[in-house]
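Scroll down for the structure; my scribbles are underneath it.
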Amino acid sequence: MKAIHFGAGNIGRGFVGLLLHEAGYEVVFADVNSTLIDALHAAPSYEVHEKGEGARQHTVTGFRAINSATDSDALIDEIATADIVTTAVGPNILKLVAPLIAAGLARRAVSLPPLAVMACENAINATDLLAEHVHSHVTGADWPAVSARAAFANTAVDRIVPNQAADAGLTVTVEAFYEWVIERGAFGDAVPVIPGATFVDNLLPYIERKLFTVNTGHATIAYLGSRAGVSTIAEALDVPAVVLAARAVLEETSALLVAKHGLDEAAQRAYREKILVRFSNPALLDTVERVGRQPLRKLSRNERFIGPAAELIESGLMPEALVGAIGAVLSFDVASDEQSVELQRMLKTESAEQVVLQVCGLDAAHPLFASVVREVRRAQGL
Ligand SMILES: NC(=O)c1ccc[n+]([C@@H]2O[C@H](COP(=O)([O-])OP(=O)(O)OC[C@H]3O[C@@H](n4cnc5c(N)ncnc54)[C@H](O)[C@@H]3O)[C@@H](O)[C@H]2O)c1
Ligand SMILES: O=P(O)(O)OC[C@@H](O)[C@@H](O)[C@H](O)[C@H](O)CO
């Protein structure tokens, strides 16, 4: 059995690649980072070090690596004969891996079972987005035949994998906790065997619970921590006002999740308490810059702040804590983060109304519009 995994970074090596290896797949990592690909080529194995309750150590072996920028033809051949393709490259990169998947499907023998394609990104329905990009690389008349050679399944992935120390080599330090939830429906009777994953009929409650609890909470701590002048998540959790604000945000998103998906209120309370413990794992040296990375993505319409805040206000509840956290996102000013630089440029040159429309996808008719405009004006010093 063979799995192609795009993105041999933190979650790629420390989670998806590991679970696929443990499920018995030969993993072929595809990445554009030539240093990383060369290191994977040269290494017979790499280590995954878990930290926290129940931690175990793992050695991943039997993998290969292909540079997807310079060796695309070989990679397309690998995709054509694989069982699984996964990605952990970031939602904005899916459009760049799509043509390779489209070409692999075009080359795939019709006698083979459908290729399981799963985007493992922090975004709602990331695999649907990937499938749309793949579709855009196939002519209309060919799409029915090409798409029949793939089973596209959305997923939710949860494991905190911080950026690794410069001298860590291929070793990845991760938290012990993990959860990989995958839509079952796309596979019919041929559900892939991945013992570390959970297959469900309806992914939406899982991905929204994950994105609007783990990631909304994490991002709130990162942006408020950054505004308070600290550089790590652990330091941010030592600032009482940051923790209070994160708890308030999580109460708001929990109210939405409980009402929308019928989650058990006590179970959701326990889930959010557990994530606060996960964030404070002393062995994870995680930074506010990593957790706050790409603020334009995080402020977009269906993401961790605007998504739940919009739904709450549409149902008549004012998401005050979420709006306050959105204000903190606007002060994220990190020279090495392109989206942070662009956000700060927009705040200096565009009207608050334009920023809210372009970045958050909210127009003046939306009940959340005025509150977010107020936060933008405040960030602009108006
Ligand atoms: N790190 C975490 O804690 C975590 C947890 C859950 C989900 N995720 C999600 O996983 C995804 C990856 O995050 P990460 O933390 O592993 O990031 P990362 O930066 O460590 O890894 C991303 C990898 O993708 C590679 N890449 C970039 N462009 C590429 C391309 N065109 N083709 C192939 N590879 C390419 C990069 O070189 C890098 O090695 C994101 O969507 C993130 O939200 C991360
Ligand atoms: O990966 P992002 O940029 O969407 O979000 C940053 C972190 O919140 C995220 O990587 C978490 O560590 C992860 O989602 C935990 O499962």
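Indices start at 1 and increase along the chain as displayed.
Glycine is treated like the rest: Cβ placed from N, Cα and C.
Bear in mind that TrEMBL entries carry predicted annotations, made automatically and left uncurated.
Predicted, not measured: the structure shown is a model, and the values here were computed from it.
Residues or ranges marked as NAD(+) binding site by TrEMBL: A3, I4, H5, F6, G7, A8, G9, N10, I11, G12, R13, G14. A sphere of 10 angstroms centred on the C-beta of H5 (NAD(+) binding site) encloses 29 other C-beta atoms. The secondary structure of H5 (NAD(+) binding site), as reduced to three states from DSSP, is extended strand.
Among the features that TrEMBL reports, domain 'Mannitol dehydrogenase N-terminal' is placed at 1-193.
Feature annotation from TrEMBL assigns domain 'Mannitol dehydrogenase C-terminal' to 202-344. Across the domain 'Mannitol dehydrogenase C-terminal' (202-344), the model assigns an average pLDDT of 98.
Other Cβ atoms within 10 Å of the Cβ of I11 (NAD(+) binding site) number 26 in total over all chains. With helix defined as DSSP H, G or I and strand as E or B, the domain 'Mannitol dehydrogenase C-terminal' (202-344) counts 99 helix, 2 strand, 42 coil.
A C-beta separation below 8 Å, combined with a sequence spacing of at least six in one chain, links R13 (NAD(+) binding site) to F29, Y46, V48, V60, L170, V172.
Ranked by Cβ neighbours within 10 A across all protein chains shown, the binding-site residues G7, G9 are led by G7.
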